[in-house]
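As recorded in Swiss-Prot:
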BINDING   GLY336, PRO337, ASN338, THR339, GLY340, GLY341, LYS342, THR343  ATP binding site
DOMAIN    707-782  domain 'Smr'
Amino acid sequence: MRQKTLDVLEFEKIKSLVANETISDLGLEKVNQMMPATNFETVVFQMEETDEIAQIYNKHRLPSLSGLSKVSAFIHRADIGGVLNVSELNLIKRLIQVQNQFKTFYNQLVEEDEGVKYPILDDKMNQLPVLTDLFQQINETCDTYDLYDNASYELQGIRSKISSTNQRIRQNLDRIVKSQANQKKLSDAIVTVRNERNVIPVKAEYRQDFNGIVHDQSASGQTLYIEPSSVVEMNNQISRLRHDEAIEKERILTQLTGYVAADKDALLVAEQVMGQLDFLIAKARYSRSIKGTKPIFKEDRTVYLPKAYHPLLNRETVVANTIEFMEDIETVIITGPNTGGKTVTLKTLGLIIVMAQSGLLIPTLDGSQLSVFKNVYCDIGDEQSIEQSLSTFSSHMTNIVEILKHADKHSLVLFDELGAGTDPSEGAALAMSILDHVRKIGSLVMATTHYPELKAYSYNREGVMNASVEFDVDTLSPTYKLLMGVPGRSNAFDISKKLGLSLNIINKAKTMIGTDEKEINEMIESLERNYKRVETQRLELDRLVKEAEQVHDDLSKQYQQFQNYEKSLIEEAKEKANQKIKAATKEADDIIKDLRQLREQKGADVKEHELIDKKKRLDDHYEAKSIKQNVQKQKYDKIVAGDEVKVLSYGQKGEVLEIVNDEEAIVQMGIIKMKLPIEDLEKKQKEKVKPTKMVTRQNRQTIKTELDLRGYRYEDALIELDQYLDQAVLSNYEQVYIIHGKGTGALQKGVQQHLKKHKSVSDFRGGMPSEGGFGVTVATLK
């Protein structure tokens, strides 16, 4: 966008306020570079960036960025062979520390805000490199001011020698200054330093009493700073040690600089990301100060700013107005009194668009909508008196000519007092002609004017809407309220009456104006009244909509909570049912053991009623509501003895042995016979006779040691296998042969997997060639 536009709209002041919120020179640099983008995707992304950080900033305490500085110059110097000093290394260390703290904060944030996504910040955190080793190397080698003594073995030895030598020098000099004989010869009984040498202050007249080197004298010349000869050699030794220390420090710093150079790319990424975060946090801080909101950007041309206000004005006193280009409206003409807020409205619209396209939240209520403009053109200036018409008019017209050269359908054009500064009739004609031209170009236009001719401009042109700033006749002052769709009317008669002008004069003046103009003023007055009524209703409607949305949100949350509660109850019921089934399964195992014992005790003579009594113990463990399937009354023909049925509550097949009455029947399920409700039975359709049918007899002599499952469907084969194994166990068989055939191998695999889980099977193997080979599985029973 043109710099002139940004200057007129005072965007630099906004940037200055954002800059005040930055912590580092990195963030400050990015604020100074901040400009409105014109690419739709870029504008949307910048706004998403700011809004995401603002959401986090408004809910959480962000880690401090204090001490973050620009270090790219140090990194580049390290890369070309320069040596960094301790201060520069500490700034690099602080960069790493800040990024690590932000990483930790983000990880905690993700854990706390479970389900909330921060995709942009997540991407930035993923960009941050791991620099733990470099941080530790710097941190363990130096503090804020100097290298640690133990930074190297050599440095520690040198500094130890310096310390011990200094101590000897001090002891020597202390004896001199504390000597009673020397008290009157010294200016002060202290040891001081001159030119990095330990000296004592001697009065000039006693110079001959002290052997040594004079290093300095006082301004008056009355005190000489003498290095006694007794410590000259020790001071020389200190100088040599200081030189050795400097060489060792240079070596250590060179080594650390090498580590920095090795991580140069990672450090530059860290600097870039943290600088961007400082910039975004500054935007978020400023946005909160103006209670900024996130606009929705539209591909088509849209401007809707609910209760917008100028961010540079005092928020406590400024009047917020809704600025809107309604559907199919391309031009808005604002009329009204001087100092009524027309110019502020233009600047508010222009500045908000510039802010939004720079990624700043805007000072409006929620729900604002904007399109992205390639450029914003302004002709806004202070009003001048008619005596300055030539300079004022020429200045405005020069600017307008420049605007008309460059404006297009992607532009927003703001005209303040269009056509002002010349003859009113010519100015009004020019204003209408200029507006026609800009509308033909396709630009979106908002213009302010004094000319009454422009009030009628919208009535014979499509896409043009009037607006006005309200004037309070009672207080004789503007209210600064913007009335969209209502042209401004003249208040001269009302103001004059309020100020005490004679009614005769006012009434005579009214007869001098045309009937049409009088009717227009009355129409405008009626429009103002209707606008206020509609605006009041709209505000009430907005309030009701918000209340409805809140109720909807509350109900949605309650419904979700109810669903979660219902789900938890179902899960709890399932868990209880599973526990019951587990207990029932164990009970079934006990029944089988009891049956074995009965068989051993009574041989093959196991009475039916004993078996049913044992099974009844299993039935008692099932609760119909918790583990039964959804039972529906059978829809087939009437069930009679001999029918094959499915027992719904157990999901098992059976055969009806006897109909006890209209409600109950005795059913044989495998080796178990039970009395069941008829409504719990579902009649099975007759199937073709299979080669092998289920074994129902329990005599050991009639149960074969082999089961032929060839021709069975997968599910039926497993049911048949279960029944057979139960009977084989009761017959005390140790080994049985399951014939499944070779085929595709699916039945073989299913049989063997089932045997692996069956509690009565201790082992199984494939058949030997003499036993049938791969078409047979041999199972060993427990």
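Backbone N, Cα and C atoms are what each Cβ position is placed from, and that goes for glycine too.
Shown here: features listed in Swiss-Prot, placed on the structure.
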residue: GLY340; record: ATP binding site; contacts (Cβ under 8 Å, 6+ apart): VAL469, GLU470, PHE471, PRO478, TYR480
residue: GLY341; record: ATP binding site; contacts (Cβ under 8 Å, 6+ apart): VAL319, ASN321, VAL469, PRO478, TYR480, LYS481, LEU482
residue: LYS342; record: ATP binding site; contacts (Cβ under 8 Å, 6+ apart): ILE334, THR335, GLY336, ASP416, THR448, VAL469
residue: THR343; record: ATP binding site; contacts (Cβ under 8 Å, 6+ apart): ILE380, ASP416, THR448
Which residue counts does DSSP yield for the domain 'Smr' (707-782) in the helix, strand and coil classes, in that order? 35 helix, 19 strand, 22 coil
Drop a 10 Å sphere on every Cβ of the binding-site residues GLY336, PRO337 and tell me which sphere holds the fewest other Cβ atoms. PRO337
Local backbone state of THR343 (ATP binding site), from DSSP in three classes: helix
DSSP-derived structure type at GLY336 (ATP binding site), helix or strand or else coil: coil
Averaged pLDDT, computed only over the residues in the domain 'Smr' (707-782): 84
